[in-house]
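Here's the structure we're looking at; comments come further down.
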């Protein structure tokens, strides 16, 4: 079957390719003569596209034939014909048809008849199209095709055509009338009366926060009342009702307006525009996910329909919390209101995650089919800013509004705060300012709040008079209002208030509870807090900053998130939270099981347990009838002495029946007895078996038997039979390499085949049946089925069952290779069978499943019925689990908030935004703060403040300035006519509540501060500190307006603006200021539009010398200031529109930010003509002559050299900031400055001229570059001189003659003892200390490690003791640590104390004596926003690596290229040139925005998929088929550094660590033979060997662990061996000992390489033979001939290395009869081998293996898969000290794996 399918698929592909080049008329001939021509055409989508778009179809004859073919297809198969007809709108066919409908008198009768025939067929086609897709009539009508047909109809006489056309036009008119009624239904704008006294129609407490469909589409006027700005509110209900409805309407109004506009316009018109709403068409619902934020729905945005210039990084589109209105039928019956949750991947693949609150749609979206196409309308209002405020307003009881008498009734007689009534004393001493002796110091003790005469004066408190009055007001009034004009110190006063409360917190009862400090924006709050922290030096915990959107680094330690991390135990001990987390974990697990079950439905047949959920029990009993006697349930339960009649009567009798049943009863006896049953008893037996509880608990044997029977019944191929055949074939060919290669190819083919088949199966209508109300899916449009009874019946039996998730990505390559293709293809055939679904009534007719009347097709139809029912059960379960998860997640969120109270209770200040305060309303109610300070209160909506302060607030201090900032409603009408833009602060001031306006400004110089004086009634006084500030260097005036007429541009995405001319001018001016020596932090660039800020920032990123200058919009700079401010006003247009810059509040803020220098660029002619405020300011500037077309600048060094910069490029005339004259200044070295005029310091200039100073002791000059800060170097002038000790003359540096350092460098020949001829220096040849060490001939000996020796003949002692290999090798200890050492050095053990894999701060309480793996008992921190490990750190992770890209964006505006949940990688774009070539190639060849990399602990970068493949290959090789494991860690492919700390592969690392840690050694190591009290006796060694002092010191250092002790013992042992040699060879002995000592001293280590130990052993044996030879010569006992002597000398003293073979020859030549003398002498101690030292290193060298039982470690020189453990079969074998401690851990946090 698999081969046949594959062949057919290949044939279809070839057919598709061939039909591309065949003419359409020939193809049409073929389809017209085929029986199922329409179905054949639909199988070739490319050919279908050609029929609807190719110019060949413009021929009228072909067009008529094709339309006739469509009509015939509708008669043959209405479903297939409808799929083709539905493609007509928007196709070329209608354009071709339209061109033929122009009536003209035709002389050719044949042509005229052909055209009439065409009109008749076209009318039928269009009528069918309108029945299938009524809403497409507008598109057809706009084409004019109906008008053409109607006109043509009036000029012909054929009655059949006239009747058909008349029917068509009537249908079009009906649809047109329906559309007009629909337009009238929706009004785009709703008018509401401004003044009304009628009571509210309903209780606002019961109103839904979320808008309903009735409200959106309502025709009645919304009930709204004005905010009362002057006067009193009636009561709390009156007050709360007004503000709730106004705030709710502020976000509902734009949404209602947009939807009504969308409904009233042609909703298919692509040009739909609304400034408050963005439109997204063709958005596809792809499913839902279970995330850490609850249930989210994934949408696929059609990016092709959006502007290409959208920069998602800066765009305000689809940001978190925005409200979306979604519909799949143009708001006819559907409207889902969603909130954006995550858009991090939208620029990559268009994926958007949204949340649908239960209140919005009651899980209706969850029951909408994936694949449904939606239209989205996005409001620009931030819905998340409204929701918690509205909820909090409803939670406030009408009689519990705090300070109601003053906030609602505006009583101006405001008393002291209540907490001062009992104790009114306060201590001002901690906040006094130290004054000079001229001022009177405060000599009082405690002050009385009620008696102002006991207070210190303003000067003693460091305040001006207005600030002093404001302080008095803030302390003595329950409600205090402090208005602070720009620079008057309102923030400073707020800090002083906090300081006073802090130092009196033990005295003031109001400070017993935390002070609540709130602001509207995070920016203002963090700025206020940073000033308090800096002043009071508060510790984290004393201030708790609540909320997650703080970006201020100084605030970071005070964030509540940080406190949670520091006090994790508090949260982990919360039993409610832990229980709720477990519930969510279990629900998610059940949802995963549900996914898997669904996915298995597409891969394999339902098993018997699944089938029992949906099959009729009676049918099931007939199914198992053939094998009933083989089943356990029959023998053990049903086959009783009474025939199983009473098998299920009672539970007790069931057990007794089973016990009393006679198992030995024969089958024939039972059958005889059953046959004797009466008809009634047989019916009773059947009913009992139907309701038998044992059916739900079948044995494994019964399940297997029934599954095989079911496959046979269904006529499917048994899966196990196929697998057995494959297994047998593999066993026969296991050793055949060619077969293995073919097997791998087959696996790949299997994988690809499985992918293609699964893709078809998972899109099957049975598994993904769409809902009936979806009308926007391609090929799923509703059709008129009145004439097609069969099709009508099919759709009636298809329910709306589907699974709202897809699973193809869950199958990996390994799983694909395991899938059986035969089973899959059978499933595909089974599911894709398009016969009608059976109804429930039809199913009841199948009594006996084995009846011969049930053919194969009917059996398959039965299975499809059961499958559909089972999928429906899964769907219901999925919905139920989703609801459970969402509800539990919300309750857990509430528990999180409640748990945070622990961190806030003991704080001095709780700081949060008003939005955050509304979310924590219940928590704040429990904390019950008494004092509330509101900073920037004038920009906060009144409802925000009321919801933030609790009912127990006794003291409310409002600090702000309504002249600068006011609340900003989304709806202008609500601000203008309903006073929604009036804050509580402004309303109370208007009602004459006690307030103080600060009037002394400390910020700007007088000329700049005068710009805003006219905004205030009270005169603003300049503090004396602002009068004598230095002028701006290089610019003539400290204040100047630059006028221009260059027009603005619209930003493609949104309503923002930008002005390229202004941005260029501002940047050139900033560059000029930098050249004057100003720091980047001294300059701020302000602009009035976000589009302009982005333009300037983008240009600045390309100019690195300007990068760092702060660029922001005016609204975000409120409350801040800087030394120099550059302002771009942006607006300049022919429409004379001013936008934001016409608002007085913004004007005031923009003009009051600068301290010393303020420069504004804009179209001031436009501003003066159309705005009175700007006209006043500009006229003032004209009087002062501080406005012009260019900025006057001057040279700071030549003040009379001035110019005016009219255009941006004019600044380039001053390239260094000065004028064009030559700089006349002298550098510190005395040379003249080489630059043109500039204002930067000369200390930064490096003089490039020559020094040329004369030396005192010779006639030469210094030729180095100027170095004024240092003395001249010694004279290096070369001179020719005769050497004093030889006859040579040589060129030497002059300073060598002066220092008497005359060394002859002439090369002379030299011959070493081995006969090497080399050239050496003359002076070296005469140096006695260098005798024997002058040979520079390269050694080139092949060392034991395989590398060439880099020493020379002399440094390697004539090849007898080689210098260490200069190559470094990385060794990895089995604990995971690593170190670099000399190649093949026998070095020390791991000297780390312990290995710790996690990031928890825990450390072992008792440090071990050897390196161990610490087992942390905390929960694993390996988590990201998509996945999370649920295990402890010590256990293997239960999650897979995340493959999503990190969404972090750096300050440089680039994105991180790391993986979600992994540590971020430094920006690759900014440091591209520093990266390796291969990484650069990847960055250039791929889109760097979406490329992902992994950075290892060695800092090497790898592309994620490449490294994943490498790690997977390592894992396959490291874990052997016999379940044993090589002791090895994955290594970096470049540097071989072990991969230990990379979180991505932590699961594999922990798995390796656990196997090693749980195992013990099968061999005892060398170091373990030493006890703690045993080692090298250093004192005795020193006395015996008389070692040098530096050797003794090194020996003492190397006794701190057993491994070092053993190697030290070996070293001393070898030295003693050489010392014990005969004095006859003392010269040779002393040479080798001296060489050893020098090597140890040079390297400061006793550790030698394997080659050096081998050299010492060779040298020791060589010296023994020399000693023997000299002794025999001395006794004259030698009878050696001359030839033997020459041979001996050549072996012992020649150039060839000495080894064991040479040693044997020497003993033979010596004729030594002593048997012991001809043996090779080892330098190792007795019973010790070199393998012992090698094994003792405990490194990953490919020779360690963990046995299959995971309890023993083995070491062997050669390890294969056949290697077995010698200890696994030994019982009661005592284990070594290496292994996991089996006892209980002393620490509750963790323990150790032993190494």
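Cβ coordinates are placed from backbone N, Cα and C, and glycine is handled just like the others.
TrEMBL tags one of the stretches 731-754, 755-778, 779-802, 803-826 as region 'Disordered', and that stretch is 731-754.
Checking the ranges 635-655, 656-676, 677-697 against TrEMBL, the region 'Disordered' annotation falls on 656-676.
With a cut-off of 8 Å between Cβ atoms, the residues of this chain six or more beyond the domain 'NF-X1-type' (1375-1392) that come close are 1343-1345, 1347, 1364-1365, 1367-1369, 1410-1413, 1529, 1537-1538, 1540, 1549, 1553, 1567, 1598, 1601-1604, 1607, 1647-1651, 1653, 1733-1734, 1736-1738, 1795. As a whole-number mean, the pLDDT of the domain 'NF-X1-type' (1229-1253) in this prediction is 81. Counting residues of the domain 'NF-X1-type' (1452-1469) by DSSP class, helix then strand then coil, yields 0 helix, 2 strand, 16 coil. Outside the domain 'NF-X1-type' (1258-1277) by six or more residues, the chain places 1227-1231, 1247-1252, 1293-1295, 1298 with a CB less than 8 A from a CB of the stretch. Per DSSP, the secondary structure of the domain 'NF-X1-type' (1229-1253) breaks down as 3 helix, 5 strand, 17 coil. Under DSSP, residues within the domain 'NF-X1-type' (1258-1277) fall into helix, strand and coil as 0 helix, 2 strand, 18 coil. For the domain 'NF-X1-type' (1375-1392), the DSSP counts in helix, strand and coil order read 0 helix, 6 strand, 12 coil.
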